[in-house]
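See structure below.
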Amino acid sequence: MTVTRLLIIGPPGAGKGTQATRIAEHYGIPAISTGDIFRANIKGQTELGKQVQAIIESGELVPDSLTNEIVRDRLNQDDAVSGYLLDGYPRNVEQVQALEEMVQGDSLNAVLLLEADTDEVVARLLKRAELEGRADDTEEVIRHRQDVYAEQTLPLVELFEERGILVRVNGLGEIDEVAQRISDGLTAKLGR
């Protein structure tokens, strides 16, 4: 059985969620989004949700300990045995180390970097906030999240590039165009 373990990274608003769904369907693996898990808990007003809501509304990232625990639980579910696509995790070097401990050497096959211009994604997120009524998407919070991404997540690009598993894709353009670029990039990297 071929196990496919992928990670999609890119700035907030680059279209990771949209593309993650397509990639996961193509490879028959679950798309695991920490953001979606957090939002579901916020909506359900769970204890975790209340904790996370206060953090997200301030534009900060959820603490590693909390995020690591959620991911560990999710990776232990049956549907993740044949692989998974992580979206929103790991976001920093410490989380990469935690993930490697969780999967005990079954490391990622490829890391997809969706690259996008900051002003473009800010405009995209403001439009999405209007359409979906996402309270965490004010311009100030969006720009702060872009800064946090640049500071904490961009250093991972170098790490994954050194490991030879990084696939860079331009995340701007029509959804189908981006999907085709992703498919071409992953096929070249994975041979499938």
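Along the chain as shown, the residues are counted starting at 1.
Just so it is clear, glycine is given a Cβ too, placed from its N, Cα and C backbone atoms.
Here the structure is a predicted model, which means the values were calculated and not measured.
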**Q.** Residue in GLY83, GLY173, GLY185 which TrEMBL records at the ATP site where GLY13, ALA14, GLY15, LYS16, GLY17, THR18, ARG128 also bind
**A.** GLY173
(Q) Going by the AMP site in TrEMBL, where THR34, ARG39, GLU60, LEU61, VAL62, GLY88, TYR89, PRO90, ARG91, GLN95, ARG134 are listed, which of the candidates ARG22, ARG124, ARG145 is also part of it? (A) ARG145
Q | Local Cβ density at GLY15 (ATP binding site) - other Cβ atoms counted within 10 Å | A | 21
Q. Quick one: Cα separation, GLY15 (ATP binding site) versus ARG91 (AMP binding site), in Å?
A. 16
(Q) To the nearest Å, how far is the Cα of GLY13 (ATP binding site) from the Cα of ARG134 (AMP binding site)? (A) 13
